[in-house]
Amino acid sequence: MAAAPPASGKVYSAGSTRYGATGTGCPSAHARARAPSLVLPLLELPVLHVACGWRHTMFATLDGAVWACGEGVNGKLGLDGPAEVERAPRRVDGLHGVRVVQLSCGQHHTGFVSADGALFTCGMGLYGQCGHGDLHDELVPRKLKSFSRVAAVSCGSLHTLALRHDGKVFGFGFAANGRLGIAMEPGNERAVVESPTRIDLGGVSGGTAKGVCVVALSAGGGHSGMISDDGNAWTCGTGELGQLGHGSTVDEAHPKCIQGMGEQMMLQISCGAAHTIFLTRAGTVFTCGCGGMGRTGLDTRQKATVPQMVASLSAQKVVQVSAGYRHSMFITQSGEVFVCGDNSSGQLGASTSSRSILLPTSISKFSKGKGMLLGASCGGEHSIFLVDQVVNTDDIRAEQLDAAATVVQQWVRGSLERRRRR
């Protein structure tokens, strides 16, 4: 029996429209979408994956095509064009013929993993974060040479992590404060790693000598996190706000296993700018790091130097987590999404004027019976939600159709108008 295809969905966005990262085509440079809005240009496309960067967003469809919107400086959108801002998603033609199965957005660069295990990157290369052995910007996605069998990529602020199918982890980009977990050679004053380099886990190259394989990873602002197949969490890099979870505020030059979470088996990790979210196999959430704006969901703005359980989510089984610049999201098994943290630009989508939310709160737009969340991603001042259906037919607004200007909007205009007449 053939396996069922993965679930694709409809895209909603919330937050600042200043750089076009919400993808709604909103012409205002200072508008804030405090309630999730349907991204109309993608309505007729089966979107499978979403990824938010600091000011840009990527979408991958069921056939592996990629669409991009937001700030395009340094080539992070991969569109090879002069436009600094794309307010509605455009197809990334530089990946034509490549079936993308996973992607990640950093602050100034983007990574794409193909179905055959190749890794492509584009955007700023000043710190080597594109991994091509130089410091050049890449305006279109470029394939990394002699680097294959890639399973996942995670782009941080100025560094990149790549996970191979054999469980080995590689890093490249800015290595200051130990965020890559790679020992710097004498004389490398800029702390730059230009090509994929194996990361030691617990002082053992790739963890192979101890039989440790990495199954999940995340690159944050100045730190990195990994989950090994034995359920342990490892972190390295900047620790000044407790984001490493080791009970101190010191940096860690190499990945260090986190103690103090008992017998909890970790499944996922998501690193934000200065906080970290851990998800256990049982669906329990732990957080640590900077508590400013309530991003850790611990009902405090104080930092936490060791992972603490998010008690307000204890009645939920969480299946996915996402840490943004100063906000967080948690998706439950029932398809609900809970949010906390910075809401100054409406990025939580909670339909409130409050500048921040300390405890994870359910978004009324996606409450039970109004659509199931398939995925979500937190960016700098925006968020993207992948939902199994259009929540409300009123989300398809006539004024948005009239404002359609891009090729993709014109392409779907006819089908949108037909939907409205039903």
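Heads up, the Cβ atoms here are built off N, Cα and C, so glycines get one too.
The feature domain 'RCC1-like' is assigned by TrEMBL to 10-385. Under the heading repeat 'RCC1', TrEMBL lists 9-63, 64-116, 117-166, 167-230, 231-282, 283-334, 335-389.
Note on the repeat 'RCC1' (117-166): its mean pLDDT in the predicted model is 98. Counted as Cβ pairs under 8 Å, contacts with the repeat 'RCC1' (335-389) are highest for 9-63 among 9-63, 64-116, 117-166, 167-230.
Counting residues per DSSP class in helix, strand and coil order gives 6 helix, 23 strand, 23 coil for the repeat 'RCC1' (283-334). The helix, strand and coil residue counts that DSSP assigns across the repeat 'RCC1' (167-230) are 6 helix, 29 strand, 29 coil. Secondary structure counts, DSSP: the repeat 'RCC1' (117-166) has 0 helix, 23 strand, 27 coil.
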